[in-house]
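Participant: Pasting in a structure now, in structure tokens, and then I'll have a few things to ask.
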Amino acid sequence: RFQACLYFACVFQAMSCGIHYLASVFMAVTPSFVCGIPGNVSRALFYNSSESSLEDIWTLWTSSENYIVVQLENGEIWELNQCSRAKREASLNLTYEYRGNKSIFSCSDGFLYDDTKWKSTVVTQWDLVCDREWLAKLIQPTFMLGVLIGAVIFGDIADRLGRRRVIWFTSAGQFVFGIAVAFTFDYYSFVIVRFLLAMVSSGYLVVAFVYVTEFVGIKARTWASMHVHAFFAVGIMIVALVGFLVRTWWIYQIFLTIATLPFVLCCWMLPETPFWLLSEERYEDAQKVINIMARWNKVSTPCKVSELCSIQQDDLVGGRTGDNDTSSMKKHNILDLFCNWHIARRTITVWLIWFTGSLGYYVFSLSSVSLGGNEYLNLFLIGAVELPCYVIACIGMDKLGRRNTLIPFLILSALICVLIMFIPQDFNILIILANMAGKFSIGIAFGLIYLYTAELYPTIVRSLAVGSGSMMCRVGSVVAPFCVYLRSVWTFMPLLLVGIMALLSGILTIMLPETLGKPLTNTLVEATEMGRNKKSCSEKTPPAYSGAALEKIEMFGQEKVSTQK
């Protein structure tokens, strides 16, 4: 009961991460537009269609190369293009084609936008078109840069200060910055606030994975961690729904952020994880959390930290001294992920999988835009298609193991990349299906790596490992658009790169240890021994909390209940 309440509270907040990650899809959309005009329009002409207002013209607009001819109340006739306007000289008749003299002017009177779909977006709010179009294109990359930085910073902070404090700060930050985005006064303040929002959203997602992993026992860990992704996907579907219902960007942003409020009001009640408390040798605090878990789960005789960790009672009260004191005070950093050859090789492989998963996911997504149809429905389905993906991943992870599920789906995505190269270009439906199959297979690998990373590393650097992996993931998402641009070199160049990366990742994954059914490790020594029983990091192993003992902690809240029954 205790673990279930914590889990659903944390994954509920994960929906807001999915919301903020995809919010710009509709918030920063660029509608059809033309140059503004210096007067009131009496008639408008688009090809052979004559209308009394520009609003009626937008339904006929088909290409950015089109232009609109308007006649003002003072008799002047203007041609309105997207980034310029021309005044016809000595023209009395309103015709679409004109070969006489024209005076070209810039868009000094602003722009006219098609507001039939969106009443207002950040593009129309600050005229991010023509020579300012590059500013609109920077909105999502700067957000992803914030995601990248936040993953590393908050992952490291969570290992130093605890998971609970970071969850408090990042969840509150999501609400505060989310609301602040809606009330920004110019483009630059908008980008800065969204950058901060990206940092806290990424930080929460990284630490939440570690948090639920350390509370949930082995039997439920696979499904619990994987379905954090499912709630993230639900957030994407919420973006599609709210985007369909609300067409003004700042109201849209407020509605999306309100989803964060329930968790913010109750997150202060979340406890710290016993794993982190034990790694910091705060045995009394760990015992308090265990006692609370026992009361919620109706366990009459909760386990004792002193018994599980073989600690004398005086050590439990007073703490340890000497060399162990010095070891516990050691601050860990990213270099600990390369402390010896076995851990370093593991880190390089894990980072490559993170990068490949993100790169492949976005390349396949960008290749599927030819599906067409309703844009809101498309986004909803993009989120919905992830749900069965994670179910299949969970079944495979529980039945075959983490590594044995990851390897075939990485290699399968590489084979699909090769297959697409041999499909004739006029077989559009088959190409789309193959792209979706590739996205599905790389999505399984992408979702699996979160849990696998958390299980491959010990408590003292677990958040840092997941955070650094998420950083590589964001690097992949930034590189993906540039990878797609390589189509100009060769049509299949993006697929070739993804296929090579996926194949290489699949081969290197063979050397990783299997973690299915194994307890979480607490020190770098134990993590090294999980892979190979060789010489490990030059760090003392505190005998107080071995992997077996920690496994009892994570399972007592469930197995002891069943024992009493």
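Cβ from N, Cα, C; glycine included.
Relevant sequence annotations retrieved from TrEMBL are reproduced here:
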DOMAIN    59-517  domain 'Major facilitator superfamily (MFS) profile'
TRANSMEM  134-154  transmembrane segment
TRANSMEM  166-185  transmembrane segment
TRANSMEM  191-212  transmembrane segment
TRANSMEM  224-244  transmembrane segment
TRANSMEM  250-270  transmembrane segment
TRANSMEM  348-364  transmembrane segment
TRANSMEM  376-393  transmembrane segment
TRANSMEM  405-423  transmembrane segment
TRANSMEM  429-452  transmembrane segment
TRANSMEM  464-487  transmembrane segment
TRANSMEM  493-512  transmembrane segment
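Looking at the shown structure, can you explain where the listed features end up?
Facilitator: Here the domain 'Major facilitator superfamily (MFS) profile' (59-517) has a mean pLDDT of 80 out of 100.
Here the transmembrane segment (191-212) has long-range neighbours at 6-7, 10-11, 13-14, 16-17, 20-21, 24, 138-139, 142-151, 153-155, 157-158, 163-164, 166-167, 169-171, 173-174, 177-178, 180-181, 184, 224-225, 228, 232, 270, 273, 450-451, 454, 462-463, 466-467, 470, 474, meaning same-chain residues at least 6 beyond its ends whose C-beta is under 8 angstroms from one of its own.
Away from its own ends, the transmembrane segment (348-364) comes close to residues 406, 410, 413, 435-436, 438-439, 442-443, 445-446, 449, 452-453, 456, 465, 468-470, 472-477, 479-481, 483-484, 494-495, 497-498, 501-502, 504-505, 508-509, 511-512 of its chain (Cβ-Cβ under 8 Å, at least six residues beyond either end).
Counting only same-chain residues 6+ beyond the ends of the transmembrane segment (376-393), those with a CB under 8 A from a CB of the stretch are 18, 22, 25, 226-227, 229-230, 233-237, 239-241, 243-244, 365, 405, 409, 436, 439-440, 443-444, 447-448.
Panel annotation: around the transmembrane segment (405-423), residues 353, 356, 360, 393, 396-397, 430-431, 434-435, 437-438, 441-442, 444-445, 448-449, 452, 492, 495-496, 498-500, 502-503, 505-506, 509-510 of the same chain, lying at least six beyond its termini, place a Cβ under 8 Å from a Cβ of the stretch.
Remote same-chain residues near the transmembrane segment (429-452) are listed as 209, 213, 221-222, 225-226, 228-229, 350, 353-354, 356-358, 360-361, 364-365, 367-368, 370-371, 385-386, 389-390, 392-393, 396-397, 402-403, 405-406, 409-410, 412-413, 416-417, 419-420, 423, 466, 469, 498, 502, 505, 512, 515 (criterion: CB distance under 8 Å, separation of at least six residues from the stretch ends).
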Participant: Under 8 Å, at least 3 Cβ pairs, sequence separation 6 or more: does that hold for the transmembrane segment (250-270) versus the transmembrane segment (134-154)?
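Facilitator: The transmembrane segment (134-154) and the transmembrane segment (250-270): touching, no.
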